[in-house]
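See below for the structure under consideration.
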Amino acid sequence: MSVKRVLASAPAKIILFGEHSVVYGKPAIAAAIDLRTYVSAEFNDTGAIKIEAHDIRTPGLIVSFTEDSIYFESDYGKAAEVLGYVRQAIELVREEADVNGKGITVSITSQIPVGAGLGSSAAVAVATIGAVSRLLGLELSNEEVGKLGHKVELLVQGASSGIDPTVSAIGGFIHYQKGKFEHLPFMELPLVVGYTGSSGSTKELVAMVRKNYEEMPEIFEPILNSMGRLVEKAREVITSDLDRELKFQTLGKLMNINHGLLDALGVSTKKLSELVYAARTAGALGAKITGAGGGGCMYALAPGKQSEVATAITIAGGTPMITKISREGMRIEEVEE
């Protein structure tokens, strides 16, 4: 029976611990969270790739109208960028399946804000690979889907650690160091992600930290070493058989310390700090930046306090997303035959 349509989904990711220090060979822990991008794929008879984007979230899109023009005040290009990943993903899978001329229509809806540092590009690439490979009769494991997702990022961006597509494809917790991935045991984490509505340039922030590090290695080296040790401590806690409450408390403390160290590197902003402190005041056990900083998102660990923390983030001017760790990575939602 040939397949007519496939719907696949893939989750967003957050860096739990170790952003920036990971650039210096230290470990990092990332996790998939329960915000998903859905991609459905079906054949068309034009031979072309057709992409329908129904709902790509670009929060903060501002449009002004004057008598004779329409002006986009915010970065509309970010939504268009996503399409580059989709196209590349389809082309790669068509090559793998050896059916280059087949017309495919994909349709995208997403719960993941674009440009927020939550891996929206990787999620759309991974979900596209999942849907299109199944449509073309390729049986790929989630690990193989992640590897193809990494290839897509390399082709589109020119550089990629592979963290985002690996986490999105496999789900759960991933420990990463110097190109090596390790899947950690699963644990529930009740989280609230807070989006500032703006994004920093990862490239510029990494370059700024590098410059400071080169100017004052004796000051920056201990900060980066502390970050590395903190990640290993977090891994110890996640893999331990301590009771849940104790795990939450220790991870919360480590989050707060990690945020302080990131602040010392100079990658926080006034808005990120406001969201972090609002979350802590509302009862979060820990809150920190996730990702490169300079904008983007923070996240808070808030067992039993998710709605209070979400309200506090809103009052502080952020966009809250109540979520949890996603045990599953890419998954096939439905297949129409």
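From the backbone N, Cα and C atoms, a Cβ is placed for every residue, glycine too.
Feature annotations, courtesy of Swiss-Prot:
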type	residues	note
BINDING	Pro113, Val114, Gly115, Ala116, Gly117, Leu118, Gly119, Ser120, Ser121, Ala122, Ala123	ATP binding site
ACT_SITE	Asp164	active site, proton acceptor
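Neighbours of the ATP site: apart from Pro113, Val114, Gly115, Ala116, Gly117, Leu118, Gly119, Ser120, Ser121, Ala122, Ala123, residues of the same chain with C-beta atoms within 8 angstroms of the site's C-beta centroid are Ala12, Ile112. Distance noted between the C-alpha atoms of Ala123 (ATP binding site) and the residue listed as 'active site, proton acceptor' is 8 Å. Cβ neighbours within 10 Å of Gly119 (ATP binding site), excluding its own Cβ and spanning all shown chains: 28.
Taken residue by residue with DSSP, Gly117 (ATP binding site) is part of neither helix nor strand, so it is coil. The binding-site residues near Asp164 (active site, proton acceptor), taking a 10 angstroms Cα-Cα threshold over the set Pro113, Gly115, Gly119, Ser121, are Gly119, Ser121.
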